Amino acid sequence: MKPFLFFSLIMLLKSGLTWLVISEGSWSWAPLLTEIPFVWMLFGLIEMLATKRKLAWYMTVNVTLTAVFFAVIMYYKYYGVIVTYHALKMLGQVTAVKSSVFSLMHPYYLFIFLDIVVISMLLIRSKKQNPHMQLFALVHNRKAATFLFTVSLAICLFNIMPNRASMSEFKQAEEMGILGYEAYTLLTKQERQAASGPPVVQADIDALKRTLVPEAPEYAGAASQRNVIVIQLESFQNFLIGLQVGGTEVTPVLNGLAREHLYFSNFYQQVGPGNTSDAEFVVNTSLYIPPQEAATQRYAGKELPSLPKLMKQHGYSSLTFHTNDASFWNRRELYRSLGFDRYYDRAFFGEDDPVFFGSSDDVLYDKTARELARVQEEEDKPFYAQVISMTAHHPYTIPPDKRKFPLPDVYKDTFVGNYILAQHYADAALGRFIDKLQSSGLWENSLIVVYGDHLGLPVYMLTRGEKELMNGLLGREYTYPDMLNIPLVVAAPGITQPAVLDKLGGQVDLLPTIASLTGIPLQDQIYFGQDLLNQTGNLLPQRYYLPSGSFMNEETIFIPGSGYDDGSLYPFAKIGLPDPSATEDEYERALMLLRLSDHYVMQLPDLDGEPE
């Protein structure tokens with residue numbers, strides 16, 4: 001058997017394993033047929049050009065493509081998207097989240113490396129060619145190799161060119177092949193959008209979103225000059241609110257807040273690969289995340305208009321609290337771009353009670369409560385504080401002493417069960433924080449905003465058994481809308497009245513909502529969200545976790561295929577409309593909003609200079 005045929009078979013098997021994983025067990029030969037031309041194009045080059053050490057070149061290509069396939073598998077299991085070269089910028093974060101990465105590893109994924117191990121052992125044992133190595137007897141036929149290379153290249157181009165305009169990155173990978181898609185994204189790197197061009201104005205954004213100016217805004221200025229405490233809950237999804245397992249409430253503290261204050265049940269994440277740090281960016285800027293990278297990688301270093309800067313103009317100080325090191329996800333630069341007066345990280349919280357990347361939520365809340373009480377006592381002005389929780393982080397294997405929930409046997413030692421245990425702890429720790437705020441007098445003198453940062457139980461990460469557990473908890477199928485749905489509770493003690501609001505909202509809407517409640521005008525601010533208390537309709541563009549061109553309206557999530565015409569609808573179960581719709585006009589407006597946000601950030605000057 002010539003090395004060409006042997007390695008072709010090996011790569012076919014590896015591409016098959018990759019597609020089996022990312023298609024969640026469904027099988028089709030079509031994607032495999034798109035992979036083979038790319039492999040043969042590379043092997044044709046080897047046969048054309050390599051006169052010596054041809055086997056070494058085959059092994060080099062084999063190892064390289066195997067690494068690509070394995071990266072695609074692991075990245076898809078974590079993010080639900082096809083990895084591209086942009087992820088190389090995230091390698092520095094991998095060691096910090098290694099427990100999350102290893103938890104996604106299924107033993108059969110490692111079969112992708114089996115041939116490399118076996119061939120390497122054979123090569124090491126043989127200093128000269130032996131019968132085993134007859135597998136790789138070399139045959140030279142340059143004319144055939146040239147023909148193979150030319151035809152394979154033509155087929156690759158035929159697969160790639162018609163699908164360049166496809167809005168769905170996953171569909172692009174299906175039609176181009178994973179290897180063709182990776183090559184396409186690498187060779188057609190999107191240039192950074194030029195800062196030249198007309199400035200972005202708020203009127204254009206409002207027109208695209210169909211935002212109306214209310215005559216008498218509800219709660220406008222009601223929390224003026226109050227402290228603002230924004231609490232971001234790690235991996236906290238909305239289905240937890242009101243959920244009982246075995247007759248016991250999972251999150252009694254959040255349930256109480258939702259009953260007693262303003263609870264937005266139709267609120268959604270808008271983050272990308274930065275997850276928690278992306279949520280911090282979106283909430284504090286009311287801008288959308290960049291197309292491929294984390295906001296901290298792409299936008300940190302810009303003079304970002306932000307909530308901390310806005311509130312500073314109206315007499316507020318600004319603080320942010322997170323128990324990990326501020327260098328993680330480049331937060332130090334992000335906080336500088338956002339204009340926070342002070343940040344508190346591992347250096348402040350220390351190493352007590354470590355869980356995952358830093359001290360536990362109890363340590364976070366205890367030291368934060370004491371620091372906020374000190375700030376209120378010593379500084380003669382209100383403050384804006386953002387508090388980032390972290391203990392309930394994937395893979396949710398919190399220490400035994402923090403597992404207080406009476407979990408029924410069916411959930412024990414499962415991913416879903418661990419999630420419930422972790423979020424029950426996070427909820428209890430939040431309750432202890434609220435107690436401290438109340439005892440110090442901060443609670444009654446503050447506007448408190450609590451929301452989830454991003455999804456915790458991705459549909460694509462769950463096994464069949466775990467999906468059945470989720471379906472049992474919800475009493476229906478667990479879907480993409482459930483996955484992206486996070487809670488939002490707004491509390492202004494003594495001001496806001498209890499209400500459950502099912503109007504559509506996203507993290508981009510928090511800045512204008514907080515500004516409205518505190519009476520801070522936005523006439524000089526560019527923002528892509530809207531005041532959730534004073535708007536009825538909404539249009540939420542999505543990217544990264546959903547394909548570009550995806551959006552939410554009041555009825556459904558729309559996910560495009562190649563474009564609008566072959567898109568799919570994922571209706572909101574809680575709305576329950578018989579015939580939900582998403583129009584092509586909404587699709588075009590959602591895309592334009594994303595482009596405007598990208599263009600606007602590129603127009604902004606660097607912290608130390610001019611726009612790019």
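Glycine is no exception: its Cβ is also placed from the backbone N, Cα and C atoms.
As given in TrEMBL:
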- Thr276: active site (ACT_SITE)
- Glu234, Thr276, Asp453, His454: Mn(2+) binding site (BINDING)
- His393: substrate binding site (BINDING)
- 226-520: domain 'Sulfatase N-terminal' (DOMAIN)
- 28-46: transmembrane segment (TRANSMEM)
- 55-76: transmembrane segment (TRANSMEM)
- 108-124: transmembrane segment (TRANSMEM)
- 144-161: transmembrane segment (TRANSMEM)
Item to check | Asp453 (Mn(2+) binding site), number of other Cβ atoms within 10 Å | outcome: 25
Item to check | Neighbourhood of Glu234 (Mn(2+) binding site), C-beta criterion under 8 angstroms, separation at least six | outcome: Thr276, Ile388, Ser389, Met390, Thr391, Ala392, His393, Ala426, Asp453
Next on the checklist: Taking 8 Å from the centroid of the Cβ atoms of Glu234, Thr276, Asp453, His454 as the cut-off, which other residues in that chain fall inside it around the Mn(2+) site?
Outcome noted: Gln232, Leu233, Ser235, Phe236, Val271, Asn275, Ala279, Ile388, Gly452
Next on the checklist: Is it the case that the transmembrane segment (55-76) and the transmembrane segment (144-161) touch, counting contact as three or more CB pairs under 8 Å in which the residues of each pair are 6 or more positions apart?
Outcome noted: no
Checklist entry - When you measure from the Cβ of His454 (Mn(2+) binding site), which residues in the chain that are at least 6 apart have a Cβ under 8 Å away? => result Ser235, Gln269, Val271, Asn275, Thr276, Asp278, Ala279, Ile486
Checklist entry - Cβ under 8 Å to the transmembrane segment (28-46), counting only same-chain residues 6 or more beyond its ends: which ones? => result 4, 7-8, 11-12, 15-16, 19, 54, 57-58, 61, 65, 145-146, 148-153, 155-156, 159, 174-180, 183
Checklist outcome for this item: Same-chain residues at least 6 beyond the ends of the transmembrane segment (144-161) with a Cβ under 8 Å from one of its Cβ atoms are 34, 37-38, 40-41, 43-45, 47-48, 175-177, 180, 183-184
Checklist outcome for this item: Whole-number mean pLDDT, the domain 'Sulfatase N-terminal' (226-520), equals 95
Checklist entry - 10 Å Cβ neighbour count around Thr276 (active site)? => result 23
